[in-house]
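Over in TrEMBL, the protein carries these features:
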type     : residues : note
DOMAIN   : 2-133    : domain 'EamA'
TRANSMEM : 33-52    : transmembrane segment
TRANSMEM : 64-85    : transmembrane segment
TRANSMEM : 91-111   : transmembrane segment
TRANSMEM : 123-150  : transmembrane segment
DOMAIN   : 158-286  : domain 'EamA'
TRANSMEM : 182-203  : transmembrane segment
TRANSMEM : 215-236  : transmembrane segment
TRANSMEM : 242-261  : transmembrane segment
TRANSMEM : 273-291  : transmembrane segment
Amino acid sequence: MSWMYFALLAALSESLKDLLSKQGLRSVSPQLAALAAGATPIPILLSIVLFTDSVPLLGPGYGWALLIGGTLNVLALFQFMRALQSSDLSLAIPFVSFTPLFLLITSPFLVGDIPTTQDIVGIFCIVGGAYVLHIQSIHHGLLAPLFAIFREPGPRRMLSVAFIYSLTSNFDKIGVQNSSPLFWSLSISSVMTIGFLFLLRFLPGKNIAAPRRTTLGTLLLVGLFQTIGLLVHNTALSLGPVPSVIAIKRSSILFAVMWGWMFLKEKYAGERLIGAVLMMIGVVVLGFGQTD
């Protein structure tokens, strides 16, 4: 189960990237923040590829996986940054946990990963935890925590991100299988950077204030954790089944709730932490249901 360790490291890296993105979005547009996340990994990854001479033999599925996966990743990261800008970190991030539910539908068709009964139990624990995270609105009705998705722009946008991620994760696995985790990380970052440059040209958005040196430093750190996250995420996908890798990576919501409470002073930390713990139970169910 070595893929589990890579997936957990991806979760930690992603949570730190999310925290720093939230801080950077106080003064820059989602387009610029997304460009920083997409472009910063390129020189790092390119240097590793050139230094190690690790250009793989590309398989037949590489090109179309890169085209489709890269386009979807641009849409996902742009929506992701918009969601973070318009909502609490600990409120928006948990809705990415719906990705495993969407993966139940998409993975069998795209890469042939069939979830077991134990996988399904774990996935529903994770999604149930997302409900508990918003339990404070239950006095409006039993389904009120679900309706909060449509009332709050952050969760609503993040739900669309979760659906896109259910597709990109499968294309990421196809891309890794037809190249390598390192080369695929470089490839997808390059395509995303082109996409965000296009967005900045035709949909520039508006920075809240002129980016300061500290903001630029924050955005560079966003890119650094994006780089680490890409490498360990794609390595995990090369070793394990897509739904389980993504479900464990979604344990980043536990870190997000903690960071939101510790560094951003966000409300409802108790309820959101309980929901995140329930999701972690789902992660354990998923992880121990897999074999090496």
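A Cβ is built for glycine as well, from the same backbone N, Cα and C atoms used for every other residue.
Sequence-distant contacts of the transmembrane segment (182-203), counting only residues of its own chain at least 6 positions beyond either end whose CB sits under 8 Å from a CB of the stretch, comprise 31-32, 34-35, 38-39, 41-42, 45-46, 48-49, 52, 54-56, 62, 66-67, 69-71, 73-74, 77-78, 172, 175-176, 227, 230-231, 234. Counting Cβ pairs closer than 8 Å and at least 6 residues apart in sequence, the transmembrane segment (242-261) and the transmembrane segment (33-52) reach fewer than three and form no contact. Across the domain 'EamA' (2-133), DSSP assigns 109 helix, 0 strand, 23 coil.
Per-class residue totals from DSSP over the domain 'EamA' (158-286), listed helix then strand then coil: 107 helix, 0 strand, 22 coil.
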